[in-house]
Structure formats: structure tokens, C-alpha cells
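> Below are the features listed in Swiss-Prot for this protein:
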| type | residues | note |
| --- | --- | --- |
| BINDING | 70-75, 104-108, 128-129, LYS141, LYS150 | NAD(+) binding site |
| BINDING | GLU183, HIS246, HIS263 | Zn(2+) binding site |
Amino acid sequence: MQTLHVELGERRYPIFIGSQLDPKQLLEPYIHGQQVMIVSNVTVAPLYLSHYQEALESLGKTVATCILPDGEKYKDIQHLNLIFDALLEAGFNRDCTVLALGGGVIGDMAGFASACFQRGVYFVQVPTTLLSQVDSSVGGKTGINHPLGKNMLGAFQQPQVVLADMAQLNTLPERELSAGLAEVIKYALLGDEDFLVWLEENMDGLVARDADLLAEAVYRSCAHKARIVANDEKEQGERALLNLGHTFGHAIESYLGYGTWLHGEAVATGMVMAADLSQRLGWISNEDVARTKKIIQRANLPISCPQIPLDDFLGYMAHDKKVLNGQLRLVLLKQLGQAVITKNFDVELMKQAILANQHG
């Protein structure tokens, strides 16, 4: 087992990464009250819920559960209310813990519920997908979608602890595994060319679910995110770099309908668009764009999206949270392994990059 820490002063917390982790031993120091609400979904609960429920009950905790439907399209205010209903019906109080057992949707919703319930209760992350292990479970961003934009309602709510168990990735559908690899590739492109080389050498093993390689990829990804979050928790500066590919990707997700494409699939094509625009601006070479596309394709991810009317695409981009004083800011590549956030780009070139990476 490997351990990382997100350094946030008094709110410092560990990320435990390994295979067949012992929840009783690892969770005991971080469950402060007697009441635990496990939030999961209909896919994950039959696989792992009893394991965590029994571990917590053996610690003398009162455990209740809230099982939600599975999918991004349920990340809305109606289903968030189901978590509040469960907490209130169980009679839970301000020293309870909300434990997220699932992927990014469950983590986002359970975290947001924990931030809101009685103005804030304890929160624990047990991410069961690769995407949530390397990205959404670390850093405290929580929230739900609104019909007009993704993640428009939310709060920063740091967990007490994160448990990333590689064994849980064995039950992950191939498409979900690939979606997680998109976020892994993102870390390499935005800040670590050595990691990109490592991914190029080991992508076949990652796709084949080699546990040691997956653990290394999760560790390196989380180390990048932990460092950035420690420096910029509320996304005032450097943390925005973690949105490489996301402004384009969120537009794709929003237009196609939440859940039609997985988040990681949209981010993958979004990173291709960002690389394409970076090349059009003269910052990276055609070879760099080709290299970006190749590693994304080797992870079984899309490098283009279905045709989306340009006005619709731009309309969704205008709702992006990185818009500042009415100006869209994008995360682009100065070179592979070095990203910048900028408002200094030619909008016509951006339109060309969007249109060039769509298919009929």
C-alpha cells in the first residue's frame, strides 16, 4: 500500500492506494461520530456495500444506506434530495459521516450533500472507478449538474480520507476504465512529460488492468493533483490547469446529453481539440498533436466527436466556470508536459480546432 497526503494545514488528509485494502483498519481513525451514511449506486452496491457496512458496524457505528441510480444523468437536484431524505429519515446529526462508495457521480453528490446537510458534516471518499480514483475523489470539488451547465451547483468539501482500492477496478467495464485513463493522460500532458513517456511504454498493460501499473498510474496522478490542490485549493490560479480538455469536453457532454458520452471520453476529445488549437497558435508541433492523439487512441478513447452545430458548441463553452469578466479562458499546451491557462487566443482558430475534430 502507498500513502499520499493532500497538504491543507489542519484539513490535511491521506489517500491510501493499494489492492484489497482493509476498510476497518484504514477508516477507524477518520470516522469521528457514531453515524455513517453510505451513499452508493445500484451497480456498485451489490459488489461492495456489504464489505464496508460490515467493517463500519464492527467498529460500533450506526450505518444507513442511500442507493441511487447509476449515471451522470441522475446527478441532479432531485436525486441529491434523496440523500437528504435518507439522512433525515435516519435521524442523523451534525457529527455524522457521509461515505461515498462509487464513481465520480456518487462522490460529487455525496460530497455536496455532506457540505449542505446541517451546514456541513464529515465526508469520506471510497472511489470505485479509475476516473474517480485519479481525479474527482481528490481535491474537494463536489456538485451537481443543471440543465444549463455541468457542475454549476456545488461546494468545496474536502474528505477526511480517500481509499483507492485497485481490486475494485477488476469489475469496471472497459469503457469506464478507458474514461479514467483520459484523466491519467491529462496529468502527463499538462505537467509531466516523463509521465507521458511512462504511459507510452505501459499503456497496453494499463488497458489490460495490470494491478501494479494501475497503482503506479493512480499514485502519480494523485501526487500531481495533491500538489496542485495544496497550492490552490479554491481554483484561483494553478488548479485551473487541471481542466485541460474540459472546456471543450463539457460542451460535448452537455450537447449530447449527460451520460451519452462518459466524462473521460469527452475530455479525451477535448484534449485533442486543445492540442489542435495549441498547434494552430504555433505553440506545439504537428508531431506533438499526433503523439497526443496516439496515446489517447491506445487507451481506446475517441479523438473526435459527432457533429455539433458550432453555435451550440460555443454556447455551452460560454457557460464554463473559467469564464472571467465575460472572457473565455482555455487551458492550452505550450509543449507536451507544460500547460497554461490563457485568454489570448484567436477565436477563429478555436472554431477551426473544434470543427476539425468532429466526424459525420
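Backbone N, Cα and C atoms are what each Cβ position is placed from, and that goes for glycine too.
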> Distance check, please: Cα of THR129 (NAD(+) binding site) against Cα of GLU183 (Zn(2+) binding site), rounded to an integer number of angstrom.
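About 12 Å separate the Cα atoms of these two residues.
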> Taking DSSP as the reference, which of helix, strand or coil describes HIS246 (Zn(2+) binding site)?
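Looking at the DSSP assignment, HIS246 (Zn(2+) binding site) belongs to a helix.
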> TYR74 (NAD(+) binding site) to GLU183 (Zn(2+) binding site): how many Å between their Cα atoms?
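For TYR74 (NAD(+) binding site) versus GLU183 (Zn(2+) binding site), the Cα atoms are 22 Å apart.
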> Return the residues near LYS150 (NAD(+) binding site), defined as same-chain residues 6+ apart in sequence whose C-beta is under 8 angstroms from its C-beta, sorted by sequence, else 'none'.
HIS250, GLU253, SER254, TYR258
> Using an 8 Å cut-off from the Cβ centroid of GLU183, HIS246, HIS263, can you name the remaining same-chain residues around the Zn(2+) site, in sequence order?
LEU131, ASP135, ALA182, LYS186, GLY245, GLY249, GLY264, ALA266, VAL267, GLY270
> I'm trying to understand the geometry here, so how far is the Cα atom of HIS246 (Zn(2+) binding site) from the Cα atom of GLY104 (NAD(+) binding site), in Å to the nearest whole number?
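On Cα coordinates alone, these residues lie 15 Å apart.
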> At 10 angstroms around each C-beta, which of the binding-site residues ASP70, ILE106, ASP108, GLU183, HIS263 has the fewest other C-beta atoms nearby?
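So among ASP70, ILE106, ASP108, GLU183, HIS263, the binding-site residues given, the one with the fewest Cβ atoms within 10 Å is ASP70.
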> Using Cα coordinates, what distance in whole Å links ASP70 (NAD(+) binding site) and HIS263 (Zn(2+) binding site)?
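Distance (Cα to Cα, whole Å): 14 Å.
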> Identify, in sequence order, the residues in the chain of GLY104 (NAD(+) binding site) that are 6 or more apart from it along the sequence and have a CB within less than 8 Å of its CB; answer 'none' if there are none.
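Expected: PRO127, THR129, LEU131, SER132, ASP135, SER136, SER137, HIS263.
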